[in-house]
Amino acid sequence: MIENKFLPISRQDMEDRGWEQCDFIIVTGDAYIDHHSFGTAIISRVLENAGYKVGIIPQPDWHSLEDFKKLGKPRLGFLVNAGNMDSMVNHYTVSKRLREKDLYSPGGKMGLRPDRATIVYCNKIREAYKNVNIMIGGIEASLRRFAHYDYWGNNIRNSILIDTGADLLIYGMSEKQVVEVANALNDGFEAKYVRHVNGTCYTIESLDEVYGDYIMLPSKEEVTADKKKYAEAFKIQYQEQDPVRGKQLIQKHGNRYVVVNKPEMPLTREELDEVYGLPYAKNYHPIYEKDGGIAAIEEVKFSIVSSRGCFGNCSFCAITFHQGRAVQSRSEKSILEEAVEITNLKDFKGYIHDVGGPTANFRKPACKTQLTLGACKHKQCLTPKPCKNMIVDHSEYLHLLRKIRKLPKVKKAFVRSGLRYDYIMADKNDTFFKELVEHHVSGQLKVAPEHVSPRVLKYMGKPAGDTYDRFSEKFFKINKQLGKEQYLIPYLMSSHPGSGLREAIELAEYLRDIKYQPEQVQDFYPTPGTLSTTMFYTGLDPLTMEEVYIPKTKEEKAMQRALLQFKNPKNYNLVYDALMKAGREDLIGNGPKCLIKSKADRYIASLKKSQGSGYQGKNKNKSKSNDKNKGKMSKEQSRGKAGNREKISDRDFKGKAKSTRIADGRKGTAKKSRGPAKSRLKK
């Protein structure tokens, strides 16, 4: 009996199994982690379950051919992916600086995969074996299946199918497609002629090779030359991303055509249970132990994936383009079996870290017709307001959580995946919300309002109005009833399309009113395959073709980020410049609504601090008090109450606005504060 539960990564592993040749070899940019949170693990186990011999080459050295040849030539083909993330996102921050760590590599070491890993790996495989089937998949390939804007090169790139020279692209989660493709190859087809499988892409030389209805997209050359054409192309891609009503899409690239078949149907609950019930080792391969292991496993080792897909449709998220809008979920039986398995792990301490998915509180399709007629082409389920046909029901998820927390050895089962607070607020029954707060919050509940400006929220695809404030108020009310002290941590984003300095200041005023300063702020990151990235590149909302303001300069991005952390002394100059540029001098001074002091007052305060030890000591005590509450929002803070604060006289230092042109390019007169941000949201 083979003691090694992992699939072969060496010739010795193959010999131990009595194999002379693999049917498929997966080449991946991640270290080998045999856990169902990682695409390589799922695809390898699905193929194994279908009767195929699968070997894995994790993070090969691309400077030579040796690693690509170490398992020999596969009988049916190579399957190539960049890893669980796009390799460029994995390597670079939004400011295009190299990241310090790679959580998917041993010991967090950087440099074990190349930039644009899918392309590099395919080129090396083709160099090693001239006549072999090469199929690409995973998040990098899926989101780059059309001609697309590439943020890192600031240019339009070909479909990745063209740049890799691969025979077939399998997009989405791929369990169904990969088995169907494998069976076709096993029957003697070449990969480039497997053209009948949904959820796949291939290239042709003539439209005579196409059967059935299709939509012709603007060509790669057209979308490169004309941003309006790019927006038009994306709109079609976006609207046809549906397995029921979607059409085959074709895009010309030079003298070839990229054909994208419509998405594969979502897995049924039974099929999903089967995928997650396969014999994963649930850990990284032991070869990495000497290097300190793989950090990525820590986030998922004691977590349970309960669902996939999302009908939330945030504009900056690629989940819809990869997993689809139709939510699929595992059965209660499947999830409970995994929960029991987790409790029996040697290092289990009693805490299940998460039970969720892209959106934890989505367990079913949004409405009755989503899987029969398809998702609505011109409407969203939750924005600008919840659809009247949406089924709002937390009962199944609630029942599941109750069962998990009653399991022996389970002290707590937390929900740390994204929660759609607008979906919670749409539920007329508060039972789920109450039990969530009582049993499933680990001291802090993280949610993602992202912004407060209605203009920005519209482009983000997030709920506007007072939804978040009502959610926050109810959260603290429930905590008070339970005698608990727990906190809300809102995720916020700066520099999203539609956000100028005016909108960034509006968000800063809101944070002032609720007395909250985020420890971290996420700049918008233009990644492939999202609606927001298309806005960023074209300056157009592709769904309406309206012009959208885009903050692109380093200066303005830095200002917007600084405004969200206006209390940080390091940000003073940026915040000052932003307020002056926007004509918002009313927010500079000592008044209760001011974000920062004037330069004169700041200078005087610094003199007092350096000259008087008593003054300095007072500040030290104050900072200690603040440190205890850093990052925490009380009930009063969430409601935006400023408290009883003494009015301060007009500031000593006054300046004149440099311009009445708002800094985001829209003309207007500099306006003074119109009162608390929260009250403005409720109007």
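Each residue, glycine too, has its Cβ placed from N, Cα and C.
As the structure is a computational prediction, the values presented were derived from the model and not from experiment.
Feature annotations, reproduced from TrEMBL:
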{"type": "DOMAIN", "residues": "296-567", "note": "domain 'Radical SAM core'"}
{"type": "BINDING", "residues": "C310, C314, C317", "note": "[4Fe-4S] cluster binding site"}
{"type": "REGION", "residues": "609-683", "note": "region 'Disordered'"}
{"type": "COMPBIAS", "residues": "624-667", "note": "compositional bias 'Basic and acidic residues'"}
{"type": "COMPBIAS", "residues": "668-683", "note": "compositional bias 'Basic residues'"}
Segment-level pLDDT (mean, integer) for the domain 'Radical SAM core' (296-567): 96
Cβ-centroid neighbours of [4Fe-4S] cluster site C310, C314, C317, 8 Å, sequence order: G312, N313, F316, A318, I319, T320, P358, T359, G461
Secondary-structure category, per DSSP, in which C317 ([4Fe-4S] cluster binding site) falls: coil
Same-chain residues at least 6 apart in sequence whose Cβ lies under 8 Å from C317 ([4Fe-4S] cluster binding site): C310, T530
Nonlocal neighbours by CB distance (under 8 Å) for C314 ([4Fe-4S] cluster binding site), same chain, sequence gap 6 or more: M460, G461, K462
For C310 ([4Fe-4S] cluster binding site), the number of other Cβ atoms found within 10 Å of its own Cβ: 24
